[in-house]
Amino acid sequence: MKKLKASEIRQKYLDFFVEKGHMVEPSAPLVPIDDDTLLWINSGVATLKKYFDGRETPKKPRIVNSQKAIRTNDIENVGFTARHHTFFEMLGNFSIGDYFKQEAIEFAWEFLTSDKWMGMEPDKLYVTIHPEDMEAYNIWHKDIGLEESRIIRIEGNFWDIGEGPSGPNTEIFYDRGEAYGQDDPAEEMYPGGENERYLEVWNLVFSEFNHNKDHSYTPLPNKNIDTGMGLERMASVSQNVRTNYETDLFMPIMNEIEKVSGKQYLVNNEQDVAFKVIADHIRTIAFAISDGALPANEGRGYVLRRLLRRAVRFSQTLGINEPFMYKLVDIVADIMEPYYPNVKEKADFIKRVIKSEEERFHETLEDGLAILNELIKKAKATTNEINGKDAFKLYDTYGFPIELTEEIAVQAGLKVDMTTFESEMQQQRDRARQARQNSQSMQVQSEVLKNITSASTFVGYDTATAQTTLTHLIYNGEEVSQVEAGETVYFMLTETPFYAVSGGQVADTGIVYNDNFEIAVSEVTKAPNGQNLHKGVVQFGQVNVGATVSAEVNQNDRRDIQKNHSATHLLHAALKSVLGDHVNQAGSLVEADRLRFDFSHFGPMTNDEIDQVERLVNEEIWKGIDVNIQEMDIASAKEMGAMALFGEKYGDVVRVVNMAPFSIELCGGIHVRNTSEIGLFKIVSESGTGAGVRRIEALTGKAAFLYLEDIQEKFNTMKSQLKVKSDDQVVDKLTQLQDEEKALLKQLEQRDKEITSLKMGNIENQVEEINGYKVLVTEVDVPNAKAIRSTMDDFKSKLQDTIIILASNVDDKVSMVATVPKSLTNNVKAGDLIKQMAPIVGGKGGGRPDMAQGGGTQPENISKSLSFIKDYIKNL
């Protein structure tokens, strides 16, 4: 087997499957996007759910990825085992309704055993399968040539998480040899057992059944492949080391810990635990912060804080009693940089966050350990259990993690009264929930906000930055003097460049900072007394009231918002010009990436009207009109023709945004200085949102250009596929193809009729007399449901005085049609005939007395239904 670096294994895996026609799906951020069901991305397939559940169609049905992931369900095991991790990489190849077991197994075997790829010795590989999966067994045994003795049947080889896709799986194991254990079934020394000799290196899941609500299983219409190979584990096998922690993914970190601690790795088992905890946790923390997570007291932020504090606690067993974890970030960045440059790019920020957390926790730890040692003495002298209220006080007052209290208690031979602790925690949650309800996300006029009357001046019309003072901090519905890192806080500034959400325009985002702390601003709203109320998360440090700070708006977003807001005014004026003065704004949303405008109008706009509006807006952009903004009294504004928005309330002094002569409108938002800054305007959709209200969504500037570029790319592809040279030929070619298709379909229908007629022979000979009626009841072989109706038309023209009932099986679905001559409909009704027949084939139907149709899902009962209907007519 080749000895490969982890980065080489990753690249070989991706290259191999690209050669097999797979599309590389880039590793997604650890913080899930648009998936509230996950705290973290926890597997290779987690980011592909949109493809497997059909929400999106991938560009290719074959996908390969190397996905970073976090799992924290067994944190306490990390450090004590050879392969437990909170952060890991999962290599995976996936098929969305394309290849299945045969190719999946063949691909796996080739990648593992080929000298071009991993070069593993075939005689060291074993596999497990589900006992009933004979298809997988035959592929492994007959096609791959694996001896029967190396194929182990295990009942647990079935991937099933409840309702939804499920199926058997096959796992591939590598035999590391007798140095890791002698064969002994009693000790689970076999592939699939708990041992260190036979390591699972790859899991192939064959998703072929749907687990139904009634716990039955039915075959999936599209079978999928989902595989997973842990990079850390494969690296340990390739590099022939005992544990994942001895691979090149971890050893540079271990070497740095050795330098800082003066201790050696792989000398003392107890020390090794600390080495492994630190090395694992710093990878998780660095990557999570680089992907947008921050230490906090709840959610994923609490996971980070817990991991960091656990690592700091174990670092003390190595004699490290000062912040040092942040120094490992550069090591992690260097190891992972080839595939994950994000950590190196954000290394300075990551280090600042970690160092700030470490400093806080060292203070907490010193105070907390002194108190905990007293509690341990007390418990040993009495019940051998640390009181739950004491543990909660340690957690609540001193920030000492309960997990750490438990861990230290166990080391001292004690337990913690967790029942009482949880009771105290629940009471705290109830208090916090009540506080949240009272404050309603600070958007209601709480007593705290109503009592704040100090001024906060908005200066953002003229600047995106300001040197200012932080005057008020609100945390958990109460005004406070300081707030710690990781917490969500509301605050006010004496002067602020941040625009508060208003008039459909979203709030600015950005940062407020000084040398001691930084707040990432995510929302800005108006407080009851008119001040701009900022919401943000403390990135690092301790925030104090009275601090002098720099306030910086995200200028890229600000510029895009300005473009979209000014374009919204032009759009409003253009709609009035094209559609009429009845158009009034019914709502709007101005964001950085798009604009949305709701307006009153009677019905859908025509394509020509949309084109006219778009052209008008762009012409005003290309004219380069100066945008003049003035404050004046409402009377003067109306006199100059300023448009006031329907339903809006205005004060005595108003702000007029003037793009004369095309648009003059009252507005408090932020705008470009000249319409040419907008660059380009493109309407991307027009739709209805309710009675008399239409909605336009549009893009400006670069976003509009990229949208048009994408359309042009698709058009060029279509032109290439149509094999035409000029743009003008595309429509003519499409028209030609449509005409040809119609002609071919007509020919095909005629051919189908002729084939059906030949198969049926002389239909007059098949007519029976039943109960005095001429009746033709038969199954016909037709290519589609439409063909059964044309066959019926053909038969009717030949058998005008006959009751005709036809049934067909097309793609395991039953179609049936019945006709009754109008002269007979007083006695026999076609609708009744179909209603009687359809349930027999698991369906329903009906229609007029002279013509009816139906369908069903049980083609095996067609003959039964035809016999039944003959008896039914006989008994009329």
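Here the Cβ of each residue, glycine as well, is placed from N, Cα and C on the backbone.
It should be emphasised that the depicted structure is a prediction, and the values quoted were computed from it without experimental measurement.
Look at Swiss-Prot and you will find HIS565, HIS569, CYS667, HIS671 tagged as Zn(2+) binding site.
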(request) May I have the list of same-chain residues other than HIS565, HIS569, CYS667, HIS671 whose Cβ is within 8 Å of the Cβ centroid of the recorded Zn(2+) site, in sequence order? (result) SER566, THR568, VAL627, VAL657, GLU665, GLY669, ILE670
(message) Is it possible to get the count of other C-beta atoms within 10 angstroms of the C-beta of HIS569 (Zn(2+) binding site)?
(response) 27
(request) Kindly assign CYS667 (Zn(2+) binding site) to one of the three DSSP-derived states: helix, strand or coil. (result) coil
(message) For a quick check of packing: other C-beta atoms within 10 Å of the C-beta of HIS671 (Zn(2+) binding site), how many?
(response) 24
(request) Would you count the other C-beta atoms found within 10 angstroms of the C-beta of HIS565 (Zn(2+) binding site) for me? (result) 25
(request) Using Cβ-Cβ distances, find the residues under 8 Å from CYS667 (Zn(2+) binding site) that belong to the same chain and are at least 6 apart in sequence, listing them in sequence order. (result) GLY503, HIS565, HIS569, ARG655, VAL656, VAL657
